[in-house]
Amino acid sequence: MVWRVLFYLYVIAAFSVPVFWIYKLIQSFFGKRGIFISKKFILNNEKVEVFYSFIVIALSSFNLLCISSLIDTGIPLERYELNGQYLNSYTPLSFQHILTFAVLFILGLLVYFILINFNGKMAPLLYVISCSILLINIALNVIYFTHTFKVNDWEFTSSYIIKALGRHLIYLSMMYVVLLKQSMDKVRSVEGEKNKIYKNVLVNKLYRIFIKYETNVGFWTLFIFPVLLAIQLFLVLFGQKPDSFIQVFLDTSTYNYSKVIPPDPVILPGDGHYLCTVAARGHENLVKPLRSGIRHGKRITVNRQLMVANAFENILEEYTPTIHKIIRYIYDKYGYPLSKHINTKFSADIVYILMKPLEWIFLVVLYCVDNNPENRINIQYSELRN
């Protein structure tokens, strides 16, 4: 029951973010009456918009940081022998060029915070440059999404992070589009007040051109390339290449726009159940092996702790598959390297003891969720398990 409630809360939160920003998009372009302009409607509340903006910015920033934990291009992946599951996955953004992507991402956020308080009065050139930076970010976000949307959940344990970043970057793009439309409306509302005249004829003509076209999206696109070029030339000083904003997608492996052929993976023994499996190899009077079990057609030693852990994972897969993927990713990342150092019965005993508190937590969850927890536990690694 507890897990179901948490799962439903997660689903509501996950769906409410895109629903809110889709609503804001419709409101910005088509909302002239009804609930779109009613201040009593909760989605029109400024605090609600700030809340959802914070969620999108925080999640996209966090997922971008998580990308750094993935494997760089050219390094072999690790794959389990028995089930073909990958232990890790390649980064969708080349580490060699990721600084360019990160700088443009940060510039986009800075411009967002500047324009969110925009009152329609800003130097025309600065306004056009700001809009161009947002358009560059929107383009990169869409490219990332199309670059990664075909990642298979069963192929990489870290696919959730890769896909989550794509979703959150799309939500971020929605935020930017809404902000651009709002800023355009504010500029139009104060255009009548702009009667400034400069003594220099050339400056005055340039000013009039900016005033005339600063709310024209086509005009902004003319500035995308010089703005991007200026940023890229600056980043050359930090080791980036002039085309890093393109190569950050191309110099990768296994994704839609990838050009690098990956090396063959390193085959690992087993199927990813390391710590409890290793712990079951300790001294029999402590770890108390119960019987032989079957895993992928092979006989293994099974104790109570291993069956409880596997039953708990079975519960996660059944009720909260997304949370299961996240936990599985963390476990794969740190569990296997640790298990390689457990080579003696004494070290296996230590792992068994350290895993005891987790075993008790798993049992509590099983008894709270499952109507027949002992049945679920006892069928693990047996012919009765579907």
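Counting starts with 1 at the first residue shown.
Cβ from N, Cα, C; glycine included.
Annotated in TrEMBL:
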DOMAIN    8-266  domain 'DUF6688'
DOMAIN    271-382  domain 'DUF6688'
TRANSMEM  6-30  transmembrane segment
TRANSMEM  50-75  transmembrane segment
TRANSMEM  95-118  transmembrane segment
TRANSMEM  125-145  transmembrane segment
TRANSMEM  160-179  transmembrane segment
TRANSMEM  217-238  transmembrane segment
For the domain 'DUF6688' (271-382), the mean pLDDT of the predicted model:
77
For the transmembrane segment (95-118), sequence-distant contacts whose Cβ falls under 8 Å of one of its Cβ atoms, 6 or more beyond its ends:
53, 57, 60, 64, 67-68, 72-73, 130, 133-134, 136-137, 140, 172, 175-176, 179, 182-183, 186, 231-232, 235, 238-241, 244-245, 247-248, 251
